[in-house]
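Asker: Just passing along the structure, written as structure tokens.
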Amino acid sequence: MVDLSQELFGTTFQNPVLLASGTCGYGEEYSDLIAVDELGGIVTKAVTPERRLGNPPTRISETPAGMINAIGLANVGLDGFKREKLPWIREHLSRAKVLVNVAGRSVEDFVGVVEGLEDEDGFLGYEINVSCPNVEGGTMFGTDELSLAQLVAALRRATRRPLVVKLTPNVAEIGNFARICEENGADGLSTINTFPGMLIDVETRRPVIGNVTGGISGPAIKPMGVFATWKATSRVEIPIIGIGGICNARDALEYILAGASLVQIGTAMFADPFTAPDTIRGLREICERQGVTRAADLVGALEVR
Amino acid sequence: MIRSWSPVVARERVAEETFWLEFDAPEIAEQAAPGQFVMVGFGASSWGTPFLPRPNSVAAAPDGRVGLLIRVYGAGSRRISELALGERVLLLGPLGTRFELGDARNVLCIAGGVGLAPFLLLPRWLDRQGREANLRLLYGERVGAVVFNPEKIQEIAGIEADIWTEDGSRGSRGTVLDGTGLDGADLVLSCGPTAMLKAVRSLARTAGVPCQLAVEEHMACGMGTCIGCAIPTIDPETGEDVYSLVCTEGPVFAAERLRW
Ligand SMILES: Cc1cc2nc3c(=O)[nH]c(=O)nc-3n(C[C@H](O)[C@H](O)[C@H](O)COP(=O)(O)OP(=O)(O)OC[C@H]3O[C@@H](n4cnc5c(N)ncnc54)[C@H](O)[C@@H]3O)c2cc1C
Ligand SMILES: Cc1cc2nc3c(=O)[nH]c(=O)nc-3n(C[C@H](O)[C@H](O)[C@H](O)COP(=O)(O)O)c2cc1C
């Protein structure tokens, strides 16, 4: 019998497979099709202080081996999340762990969401989406070392729950950003968010995406996600959640071998909602075949030479 | 909502760049209503094109089969149109909202291009529900070469289509709107290119006839998780400008809700 569980953030994940933010709604959306509570967990759509309507169409399109999206963080907002979404999560997810993805445009936005959720139960902790523009600084939190440090430190003061920072790959040296998060009190990291990209309709000579630019996800970004995960784990002690293009157990294992304790599946769930349960089953099969009894032993087991 | 790997059991080229495909998918066929769609995909492990599934309206549901009318547009629809008999695709559905007939007696259906698909399902679906209504179907295409054969329409849907082409090479010359005296219709349903839907909406509005439109937008999941297929709408309760998801709140919308 293979043990797929992972101990981290002071709790046990029954297996390492989570659904990525923005690709699983708030869990309920998939509950018709898959047993969401059998997963390692889910990460909610980003929650911002106020409800956000999001970007104008077109918001998504297919790109080679993946997709581009510019949803614009459309979400129900903090109050909407507490009123409309959290009750379902609380009632239906007891074994799958829930991270609430938090987004904002200022440190106050992020802290406001976290403080607004502190007294609620039904979720484990936060995943902080720093791929948002900082209205004060102009750059993204996740690409500016100083604003990232200030943000993480402020959030650390605001919560004792697990605080996971989701890094953008759009930086020269992701290890530096990983270090900054750890030094300022983050409990874990998620690598990676989407890559910035564009898609142009050559007939109309216009961008396909209403927002002009968007984020690229899916199998196309998997090698870069594995690389970012590997770079980040070499610089920090805190656990890492590997994300980007995972379509099956072999993909998930690449991230785990590179150092990820958990993984998240996003875009591939659109291609087939069974991807996550199939990945869990596949991990078990590969471990059995390789004579591995505890999947946790594979974390960072990459042999470079 | 059903997820099933379903084999192609019939495939026919029915006009230029236009194909009729049937899949063996009894549960979806049983549940699907006119206006609803299925996502047609190839699973997550093949990351050739298409990687994402493609939305397509359920156009028929005979004997446990799901019939789709596919027009080749880009790489994804081409791949679907080229499926071989017996080849399996991942179907997810039925998804979305359907046309609501209420107690309408005279229903005018206006189809542009493959917007014909939901209206092929409508007549037999009404029969199955034991519901009677007088249906009139106007079907327009730009050119004759892409017109879906009227005998095949008759065979699939048991209804006669009033065909219009802009070049006049099949049916009457002009657009479907040239054929639209709303004469006696107490409900207008339409599906097709946005420009046509807008024109249908203003006609219906002028005549004071209720109107429902089936719209399209790019989709990834088809079930409300990606929030990708949002279109600008008006919130019917508050009158606010909002966005609605074509996959779960549509594809069929009351015409007055659309903010074009
Ligand atoms: C509810 C609904 C029902 C539909 N029913 C039918 C039908 O019965 N028959 C039919 O032939 N077509 C139908 N379509 C349109 C069909 O989904 C598109 O033609 C198809 O997705 C185009 O994909 P592609 O790879 O061939 O084109 P590409 O342009 O190469 O596709 C690139 C990306 O754009 C998206 N895309 C491009 N055009 C559309 C469009 N018009 N609608 C949605 N996504 C688009 C694709 O899904 C893909 O992600 C329907 C669309 C919707 C939303
Ligand atoms: C449609 C869509 C919406 C997303 N929304 C969010 C979001 O709200 N917050 C966030 O941190 N990441 C968001 N992401 C990024 C994913 O969580 C993930 O990091 C990325 O897509 C790479 O993983 P994948 O290749 O498995 O999809 C979104 C991705 C997609 C495709």
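In case you wondered, yes, glycine gets a Cβ from its N, Cα and C as well.
According to TrEMBL, the active site, nucleophile annotation covers A:Cys132. Residues or ranges marked as FMN binding site in TrEMBL: A:Ser21, A:Lys45, A:Ala46, A:Asn101, A:Asn129, A:Lys166, A:Ile192, A:Gly218, A:Gly244, A:Gly245, A:Gly266, A:Thr267. According to TrEMBL, the feature substrate binding site maps to A:Lys45, A:Asn69, A:Ala70, A:Ile71, A:Gly72, A:Leu73, A:Asn129, A:Asn193, A:Thr194. Per TrEMBL, domain 'Dihydroorotate dehydrogenase catalytic' is recorded for A:4-286.
Where in this structure would I find these features, and how exposed are they?
Answerer: Around the Cβ of A:Cys132 (active site, nucleophile), a 10 Å sphere holds 22 further Cβ atoms from the protein chains shown.
In the three-state DSSP assignment, the secondary structure recorded for A:Ser21 (FMN binding site) is coil. Counting every protein chain shown, the number of other Cβ atoms lying within 10 Å of the Cβ of A:Ser21 (FMN binding site) is 25.
In the three-state DSSP scheme, A:Asn129 (FMN binding site) falls into the strand class.
Mean pLDDT of the predicted structure over the domain 'Dihydroorotate dehydrogenase catalytic' (A:4-286): 96.
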Asker: Can you tell me the three-state DSSP label for A:Gly72 (substrate binding site)?
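Answerer: DSSP call for A:Gly72 (substrate binding site): coil, neither helix nor strand.
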Asker: Just name the recorded positions among A:Ser21, A:Ala70, A:Asn129, A:Cys132 whose Cβ comes within less than 8 Å of a chain B Cβ; none is a fine answer.
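Answerer: Near chain B - Cβ to Cβ under 8 Å - we find none.
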Asker: Would you mind pulling the longest C-alpha to C-alpha span across A:Lys45, A:Asn69, A:Ala70, A:Ile71, A:Gly72, A:Leu73, A:Asn129, A:Asn193, A:Thr194, which the record has binding substrate, in angstrom?
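Answerer: The two farthest binding residues have Cα atoms 15 Å apart.
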Asker: Per residue, counting other C-beta atoms within 10 angstroms of the C-beta, which of the binding-site residues A:Gly72, A:Gly244, A:Gly266 reaches the highest number?
Answerer: A:Gly244
Asker: Far apart in sequence but close in space: which same-chain residues, 6 or more away, have a Cβ under 8 Å from A:Thr194 (substrate binding site)?
Answerer: A:Asn69, A:Ser131, A:Gly214, A:Gly215, A:Ile216, A:Ser217, A:Ile221
Asker: Sequence gap of 6 or more, Cβ distance under 8 Å: name the residues on the same chain that satisfy this around A:Ile192 (FMN binding site), in order along the sequence.
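Answerer: Looking at Cβ-Cβ distances below 8 Å from A:Ile192 (FMN binding site), excluding near sequence neighbours, one finds A:Lys166, A:Leu167, A:Thr168, A:Pro169, A:Ile174, A:Ile221, A:Met224, A:Gly225, A:Ala228, A:Thr229, A:Ile243, A:Gly244.
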Asker: Reported as an integer number of Å, what is the Cα distance between A:Ala70 (substrate binding site) and A:Ala46 (FMN binding site)?
Answerer: 13
